[in-house]
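Report on the following structure.
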Amino acid sequence: QCEEVRLDIDRWNLECEFNNIDHRTDLNGVDRLIVRRGQTFTISLYLRSGSYQPGVSSLDCVAETGPQPSEQYGTRASFGLSANIDTSCWSAAVTSPPGDMVALSICSAPDAPIGRYTLTLGRSGRIEFILLFNPWCAGDAVYMDNEQNLAEYVLSQDGIIFRGSYKHPIPTPWNFGQFEGGILDACLRILDMNPKCLRNPGKDYSGRRNPIYVSRVLSAMVNCNDDKGVLLGRWTGDYSGGVSPMVWKGSVEILRNWDAQACQPVCYGQCWVFAAVACSVSRALGIPCRVVTNYLSAHDTNNNLVIERYINENGEPIQSREMIWNYHCWVENWMTRPDLKSDFNGWQATDPTPQEKSEGVYCCGPVPVRAIKEGELTFKYDAPFVFAEVNADIISFMKKKDGSTSKVTSTTLVGQNISTKSVGSDAREDITHLYKYPEGSDEEREAFKKADHQNKLLHQEQNQGLHLTIKVTSDMRKGCDFDVFALVTNNTQSTKKCRLVFGSSAVSYNGFLKGNCGFKDLLNVELSPGAGEPSLPLRLNYSKYGELLTEDNLIRLAALLLDYTTRESVLAVRNIVLENPEIRVRILGEPKENRKLAAEITLQNPLPEPLEACCFSIEGANLTGGCVITERLGSSVGPGEDAKVKVYFTPTHSGLRKLVVDFDSNKLGHVKGYRNVIIGK
């Protein structure tokens, strides 16, 4: 039996380029070692004396993370050389022939905590690396077995977030930029600044092995409501002390600002910004993630699955804390749920927008999307709140001038057209079926029973007598005058005498009213039995709505029909979104890596008045050097005229990239556009 001889290491090479490419982290750069857990990486050791002899040479390795590394917490692992790598735990093996250069292969455990590590090799070697989640590793809780999905949900640095309205989803481009310079460091800093880490770092670092824990920490840390989080939300329209959430085109600037200003919150965010930043951080850390949009999203504050909506006698809503948001965005992270039954693995909803407290902190999730569909409201975390967002019942009441209230018939449905970007294309994928069973199906009833959703179960047939809907035309563009229509049908046997109130007001995406855009009050509407009446038009003029519109371009239409004989009232509500003009992007020249490229960007002024202070800004992952490029126009742009600029940038990596464009001016704010560019080698 030979005596073991410790390897005498002189120097080493971490082979960052080879390893980072192999671990799909090379877009972060190849100047430091960034690897994924449960996967082998290889470094070169150069010996000071002697040579490596199989079975004789030995090397003690210790991997440590966090301020108080301990084997009990899983934040310290010690291991020696084995004949072969064991991918189920920390292990090391030599993969080169005997000699004075040693190729040392090392594998981390597939459930090791993620983060910054030091690896001590024998007495003299000490290397540093960053360890990430590994969705390519079958032993990792975030494992995903589809290459196209991995390319979209982990590696893609740009995407589409759906806004607008459920009848008219509008794609907004976003630069996630999770591999841009400094972003990974900012993401690790987010973990270090979270209150759980500040209170008990040893326990928090240990928790970082678990994507459920990490997702929940991120959902709290992307907003700054209880901690040194990234973004401050504001929905009032007064953005002094910061910028409107509409200004952002990507997460890079937000994360860099937070990191640079000593973790002071960045001002301001709204739901899609919170969700997009959470998506960037999740992808940066290696958790597959996507942004989803729920149209007509309920904000239920008391967990009774009912939203009580009050209107006045003109059909205008009376503001309350329980609201229906025109849309609401959150994220889904992909992971197993060993704490639940195995059918609840897969997509987990987490919501970083601060709405309600969970365990005393503004965070929400992760909750399995499947649990929402099945009505399993006891499953962790925050299932009742998310279930209500997609399933709450709306009951409408009219508050009269004398203080009395009466119930109003209305057919607004919550949780429509739940949307996310398709894999490998910019098309919208409808994922409503992942959150709910078909309306009226037996399975839906079962889910409602399980969730004790009494209101939906008791749903009597609505008033079948008078029917009211709102119809619109397709050409509702900002700057135009156009008509919207109320359609009334009398399904009873008798002639009806009614009052019809038809109003419109500018509204923010989360339901706050900004002023009347047009109003009609018809006191003597006579409806003969059976027949539908001619539609009643309401004219919306730019001269009236132009000043009132918020940056969301939304107008709330409400028609209220009052039956003089039965005293019944019927309400129809519809949000419309006005189209912004298209931004055209022309790429000049052949796009190649590290070669200067020009883009010509044009927008035609659709308004009947000139645009002043026009400004284009662009950004794109691996296109604009991690910066936002801004071009201002020297002169005003008259009605029908083009605002046009030429912008230069140098792409750094080949592949398909999105150039994201924002146009701003005094009268037309934050119009978004983009162009997909294929960069050659």
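Any Cβ shown, glycine's included, is placed from N, Cα and C.
What you see is a predicted model, and the numbers here were worked out from it, not measured in a lab.
Now, the feature entries from TrEMBL:
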- 263-354: domain 'Transglutaminase-like' (DOMAIN)
- Cys271: active site (ACT_SITE)
- His328: active site (ACT_SITE)
- Asp351: active site (ACT_SITE)
- Asn391, Asp393, Glu439, Glu444: Ca(2+) binding site (BINDING)
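Feature map: annotations from TrEMBL on the structure.
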| residue | record | Cβ within 10 Å |
| --- | --- | --- |
| Cys271 | active site | 28 |
| His328 | active site | 27 |
| Asp351 | active site | 31 |
| Asn391 | Ca(2+) binding site | 25 |
| Asp393 | Ca(2+) binding site | 23 |
| Glu439 | Ca(2+) binding site | 9 |
| Glu444 | Ca(2+) binding site | 18 |
What is the interatomic distance between the Cα atoms of His328 (active site) and Glu444 (Ca(2+) binding site), given in whole Å?
22
Cα of Asp393 (Ca(2+) binding site) to Cα of Asp351 (active site): how many Å, rounded?
21
